[in-house]
Amino acid sequence: MTIETERLRERVAAELLRTRDRTALLTDAVDDGDLTRQHSPLMSPLVWDLAHVGSQEELWLVRDVGGRDPLRPDIDELYDAFKHPRRDRPSLPLLTPVEARRYVAEVRDKALDVLGRAPVDDGRRLVADGFAFGMIIQHEQQHDETMLATHQLRVGAPVLTAPEPPAAPAPVAGEVLVPGGPFTMGTDTEAWALDNERPAHQVRVPAFWIDRAAVTNGQYTAFIDAGGYDDPRWWSPAGWDHRQAAGLTAPGHWVRDGDGWAATTFGRTAPVVADEPVVHVCFWEAEAYARWAGKRLPTEAEWEKAARWDPATGRSRRYPWGDETPQARHANLGQRHLRPAPAGAYPDGASPLGVHQLVGDVWEWTSTDFHGYPGFAAFPYREYSEVFFGPDYKVLRGGSFGTDRSAVRGTFRNWDYPIRRQIFSGFRLARDA
Ligand SMILES: [Fe+2]
């Protein structure tokens with residue numbers, strides 16, 4: 001075994017362990033009643049997410065990579081996300097919390113055994129560079145963020161705690177000019193990048209201005225105070241229809257607090273913090289705010305150019321700060337804090353042009369529909385992303401405070417319906433140069 005292979009195995013094992021610790025934290029924080037209850041029709045019971053994580057790990061690592069016999073072929077169908085919409089999952093004969101914990105532990109034992117014995121490279125793309133393991137680590141982290149969103153929707157005494165995010169050493173506002181010209185979007189070289197991030201391709205973006213920080217609670221409150229929710233001029237027809245039907249008057253989890261606003265965050269209600277990015281807004285709200293402010297949302301390509309393009313070399317980097325894997329000083333990721341950090345809190349994570357907090361804090365809505373890049377090829381299965389391509393979904397970029405570092409990078413693409421705001425979604429503004 002080469003030293004490189006050994007290093008990869010050690011890294012995979014450490015990431016699996018770190019990820020499972022987070023899953024355990026999110027599922028051990030509540031009692032069995034809260035694990036099996038549906039906290040919102042938009043979300044699965046937490047115990048479904050838990051066993052589904054194990055089911056995917058069994059399918060890909062134990063059965064496919066390892067070539068081992070199935071542990072629980074009888075439950076494959078229950079935990080197939082495409083067979084049962086979230087709203088139906090509570091009525092399924094799901095594993096109990098005790099059974100689900102035992103199942104994921106058994107699967108993990110087998111997966112670690114596969115990791116120790118199976119060739120890291122058997123000629124299959126699924127196995128090369130530990131891709132299948134990377135995919136499963138990201139999958140579990142993505143469900144951990146989903147479970148965190150379920151925690152936010154749960155009603156009851158707070159069960160999660162974390163230190164407050166860092167303060168901003170200096171406030172960040174205003175916008176920067178990103179010059180026009182070609183840049184490389186997507187990747188061929190990021191080993192654990194998913195199919196929709198590939199292939200790398202040249203995109204020509206006209207010069208544009210982009211805000212140095214995401215829109216803050218203070219700025220968003222000005223939109224509310226100016227009657228933004230009652231003025232159809234700022235809303236697209238579809239956005240206005242939704243605003244009316246859903247009765248939107250403020251971001252999700254906001255409540256009136258005297259003359260101002262408070263927000264409930266994981267069971268604790270406190271006045272909104274003016275210089276933190278607004279979170280729990282849907283695409284239609286972001287779009288309406290942008291029009292009111294005389295700007296627009298960035299396209300996905302603009303967002304990625306702002307995040308990756310290095311004006312000194314013309315090269316596209318892995319992250320706004322360079323190629324280094326995210327550290328705590330770069331970005332608010334991984335549920336280290338339970339809220340977005342104020343604008344300017346991560347100067348070490350800024351891009352060369354001075355755009356801050358592109359990665360971490362809040363997912364940022366872009367104006368772009370979710371599509372495959374030129375030359376897209378589904379891998380390892382169409383249901384990962386291809387079946388979602390089309391005008392129904394908008395792309396979000398950059399990850400949130402609830403996204404793990406393994407599940408976000410400069411090329412990472414998320415997508416959701418424009419009406420959704422149970423996710424940790426915010427936005428920043430752009431305009432033509
Ligand atoms: Fe999943």
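Every residue gets a Cβ built from N, Cα and C, even glycine.
Caution: TrEMBL annotation is automatic and unverified by curators.
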For the Fe cation site that TrEMBL gives with H139, H143, which of H52, H201, H242 also belongs there? H52
If I take the Cα of D88 (gamma-L-glutamyl-L-cysteine binding site) as reference, which of the binding-site residues H52, H139, H143 has the closest Cα? H52
Pull the DSSP breakdown for the domain 'DinB-like' (16-147) and write it out as helix, strand, coil residue counts. 88 helix, 0 strand, 44 coil
Taking the residues R86, R87, D88, R89, D416, R420 listed for gamma-L-glutamyl-L-cysteine, what is the greatest CA to CA distance in Å, to the nearest whole number? 20
Just to be sure I understand the packing, how many Cβ atoms besides its own are within 10 Å of the Cβ of D416 (gamma-L-glutamyl-L-cysteine binding site)? 21
